[in-house]
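Taken straight from TrEMBL:
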type	residues	note
DOMAIN	34-154	domain 'Piezo transmembrane helical unit'
DOMAIN	289-526	domain 'Piezo THU9 and anchor'
DOMAIN	567-845	domain 'Piezo non-specific cation channel cap'
REGION	155-180	region 'Disordered'
TRANSMEM	14-32	transmembrane segment
TRANSMEM	39-66	transmembrane segment
TRANSMEM	78-96	transmembrane segment
TRANSMEM	291-314	transmembrane segment
TRANSMEM	334-353	transmembrane segment
TRANSMEM	362-384	transmembrane segment
TRANSMEM	396-416	transmembrane segment
TRANSMEM	428-444	transmembrane segment
TRANSMEM	464-483	transmembrane segment
TRANSMEM	504-528	transmembrane segment
TRANSMEM	758-781	transmembrane segment
């Protein structure tokens with residue numbers, strides 16, 4: 001009770017008694033305070049995503065190459081740079097909002113041009129030009145206030161005051177020396193004196209390994225720590241010596257010469273930057289961490305964004321679909337470039353992770369930060385012809401990439417782990433890790449690519465085949481370990497039958513799954529059209545009639561207003577017509593009112609009958625020969641709406657002989673003569689089915705006694721000064737819509753089609769799905785249920801801990817550089833799998 005405080009106790013009780021909503025607000029505020037640094041980063045990146053200009057580009061680059069790489073936290077100089085830069089940017093943007101600037105007079109014309117100079121720089125006139133900059137400035141001031149509250153704002157100056165005192169004295173002596181050197185010797189060769197000064201930095205030896213948890217690694221770390229401290233002291237002394245020598249040389253030079261001043265200013269910028277990156281690559285201490293998995297996940301998300309949103313990275317491809325492009329054997333260039341670049345960066349990142357080279361990671365980070373920003377904000381807007389702020393998919397891709405940059409900076413700052421053992425999914429032995437690991441191995445070529453890359457960039461004495469053998473054994477043993485752990489967590493008492501929950505849960509699920517696989521094509525093709533099907537109405541219906549293979553006598557098309565849908569009364573009347581006709585009602589069951597279209601075709605042919613006189617004579621002779629057959633060919637063409645699909649069909653009928661010819665003698669210009677109508681019996685289909693394939697067929701179920709309709713034909717001649725013109729006129733005898741004019745009536749029943757998103761599966765058809773999906777899946781299922789007897793020796797292992805430890809030992813000695821021991825352990829593992837007796841001893845229960 002010595003340190004008991006009643007006020008603190010009352011305060012704690014008061015805080016606990018607050019409503020949950022208020023406690024949640026307190027917790028969110030405390031989280032905001034604890035992560036105010038990340039809030040500033042987020043606001044700066046968000047401002048750049050929305051504004052996307054050269055003015056806002058500077059701070060994101062400084063975040064990834066300065067702030068996030070600073071140990072232990074960004075310095076006061078960075079935050080002051082960010083604050084001052086934001087304030088200057090606000091003033092510059094405000095200054096260029098006035099209308100007297102030439103580019104502000106045509107804002108509506110230039111606001112969407114990505115390469116308009118004011119848009120690139122960020123000084124264009126627009127609404128809300130400074131909103132996000134003010135939010136950014138507010139976040140920076142908020143973070144500064146938090147640092148001041150915790151006494152961290154002036155920490156850098158206090159810690160570096162002693163170390164920088166000599167540098168400050170050198171700078172003062174340098175400036176003072178230059179100020180007093182007005183009477184210096186002008187005869188001194190400035191170029192020679194500058195060339196004589198070379199900054200020699202200590203040679204960088206191979207970076208030592210990061211500290212480990214063992215005592216030996218701790219001792220080595222202490223020695224390396226002292227070595228690095230001595231290196232750093234030497235480095236700082238060399239820097240001070242360099243500046244002192246340069247100040248001495250500048251005293252001997254003419255003060256009016258600007259060359260020495262420029263060189264000194266260059267060294268003032270170059271030396272701190274080099275010192276910063278040298279300290280980053282050779283730190284005094286290292287809090288080793290491993291965030292490669294998170295970086296890989298970020299790259300995977302970016303890869304998925306590219307695949308499903310590739311149209312945002314190319315020109316004139318806003319309405320493109322990757323599945324349709326690949327189905328047409330066309331690979332978009334933008335898609336190919338982005339995928340290859342993304343995949344290439346993932347491979348390089350994996351190589352750097354395996355080699356554990358911080359210097360390479362720093363170089364890769366610098367190249368990637370500048371390259372990505374240059375591509376996204378200077379090249380991509382020109383390729384897509386739209387500003388980055390108007391490209392939502394590109395903004396999402398850039399944001400995920402910024403998360404990757406932050407993780408990479410954290411990895412560089414903390415250092416790579418000393419040992420990389422196995423897959424990250426094999427750290428625990430449970431169902432989640434088991435299924436995720438097996439799903440990882442099912443991805444095509446991913447396991448093989450990872451194994452080969454690990455072999456290439458890891459020091460080992462094993463051959464590639466031996467390496468893959470160890471990886472396969474380790475994966476197999478890990479799976480067995482997960483199953484054995486699950487058996488321990490959920491033990492099955494001896495002599496008791498399996499519970500119904502297990503039998504019906506697992507077994508019932510497998511039964512349902514197998515049944516669904518077997519009947520998947522039938523269910524899919526049935527449901528895809530009945531549930532998710534789209535009505536595909538015709539756009540154009542054409543009829544052509546040919547007599548005996550001669551020139552067509554009749555051609556006519558129906559479009560737009562001539563293609564009519566049935567209203568509700570007409571549809572009900574249509575159904576009542578077939579009341580009692582089982583076959584017709586069964587056929588009509590699969591069609592709704594919107595699937596039926598009535599085409600009204602004009603009876604007069606839309607083309608003149610142009611036939612040569614010899615063919616005309618042969619046609620007349622064929623019609624007069626009542627002993628021989630004479631055929632009538634009626635063909636139809638239906639153009640579908642959704643996929644601009646042409647459906648064709650034709651009917652072949654023998655007609656009774658009739659005199660369908662007439663003479664043109666005695667026809668004067670302006671007169672019209674019509675030959676008497678002749679009836680063609682059972683030649684007109686009247687009902688046409690337009691399925692999803694390319695063949696339109698007549699519907700026999702709706703015909704009376706399976707007989708086609710009768711039509712009449714007549715030849716009309718019209719005399720003119722150029723001669724007689726002839727065309728044929730057709731008329732349907734029995735029509736549902738009784739009209740006085742001569743016309744044809746045709747009913748089209750359109751099958752529903754699958755939506756475009758599932759068209760790639762529906763296009764295979766039922767037999768195609770069985771051949772390409774069911775049989776392939778069946779092959780894998782059969783391998784799971786057969787051949788088990790041949791793998792009992794390697795599957796039924798009661799305890800796999802010793803084998804798993806042997807595999808882990810191989811990974812461990814490989815990481816520590818004990819390559820001879822790696823060979824010995826690998827030989828032991830191979831002998832174990834070759835010896836059944838030894839395997840039995842090693843896998844017994846303890």
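Just so you know, glycine gets a Cβ as well, placed from its N, Cα and C.
Keep in mind that TrEMBL annotations are predicted by a computer and have not been checked by a curator.
Non-local neighbours of the transmembrane segment (291-314) in the same chain are 320, 322, 332-335, 337-339, 342-343, 345-346, 349, 353, 380, 383-384, 391-394, 396-397, 400-401, 403-404, 407-408, 410-411, 424; each lies 6+ residues outside the stretch with a CB under 8 Å from one of its CB atoms. 39-66 is the stretch from 39-66, 362-384, 464-483 with the greatest number of Cβ pairs below 8 Å to the transmembrane segment (78-96). Outside the transmembrane segment (464-483) by six or more residues, the chain places 422, 426, 429-431, 433-434, 437-438, 441, 451-452, 454-455, 794-795, 797, 800-801, 803-804, 807, 810, 826, 829-830, 833 with a CB less than 8 A from a CB of the stretch.
Residues of the same chain lying 6 or more positions beyond the ends of the transmembrane segment (362-384) and with a Cβ under 8 Å from any Cβ of it are 52, 57, 60-61, 64-65, 114-115, 120, 277, 280-281, 312-315, 334, 345, 348-349, 352, 391, 394, 398, 401, 405, 408-409, 412. The predicted model assigns the domain 'Piezo THU9 and anchor' (289-526) a mean pLDDT of 86. With DSSP classes pooled into helix, strand and coil, the tally for the domain 'Piezo transmembrane helical unit' (34-154) is 82 helix, 0 strand, 39 coil.
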